[in-house]
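Trainee: What follows is a structure written as structure tokens; I'll ask about it next.
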Amino acid sequence: MHQGRQEEEELEEEEEEDEGDPERALEKSPFQLTAGDVYDISSVVGRDLLQLSTGPQMPAALSRLQFRIVRVLEMLEALVSESSLAEEQLRLERDSLRREVQELRREGARGSAQQLSLGPDKMVIDLTDPNRPRFTLQELRDVLQERNQLKAQLLVVQEELQCYK
């Protein structure tokens, strides 16, 4: 029983060491970074800069610092690329939705003119009536479904942008 407790304590100590090591932040994916990780990276780079100016281990410190700066730049590149890609996708979807709405409006206007001609399965519509039908139920369902999908995607992208800020 004593051995089980000792193993638990050793695991806890290892976890604390992992969390306390600021260099671990450099190993993370850019999309998993927290504000604390950014401060840890800053601390590591700052420490290396101090070693450059004060120590005889200058070549080793310079090499470490160069690696860390390259890693930070790679992280920033990944974040910017992901953000730009998400923003561009939203623009394309917005433009596509605008075109579809304009097309539906045109079809609705054509449909209203065709409904005025009488015949089998036709009806007369008062164009001044604000409650007159303009779209079919299926068209409305399609537009609402697409709107909901775009809204969900927008929320995801906004959450990602908040993480990057």
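Every residue gets a Cβ built from N, Cα and C, even glycine.
Keep in mind that TrEMBL annotations are predicted by a computer and have not been checked by a curator.
Because the structure is a prediction, the values reported are computed rather than measured.
Taken from TrEMBL, the feature compositional bias 'Acidic residues' applies to 7-21. Marked as domain 'RH1' by TrEMBL: 21-114. Here TrEMBL flags 132-165 as domain 'RH2'. Per TrEMBL, the feature region 'Disordered' maps to 1-31.
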Trainee: Same chain, outside the domain 'RH2' (132-165) by at least 6, Cβ under 8 Å from its Cβ: which residues?
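Mentor: Contacts of the domain 'RH2' (132-165) (Cβ under 8 Å, skipping residues fewer than 6 from its ends): 31, 79, 82-83, 86-87, 89-90, 93-94, 97, 100-101, 104, 108, 112, 125-126.
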Trainee: Tell me the residue counts in helix, strand and coil for the domain 'RH1' (21-114), as DSSP assigns them.
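Mentor: Across the domain 'RH1' (21-114), the residues distribute as 86 helix, 0 strand, 8 coil.
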Trainee: Compute the average pLDDT of the predicted model within the domain 'RH2' (132-165).
Mentor: 85
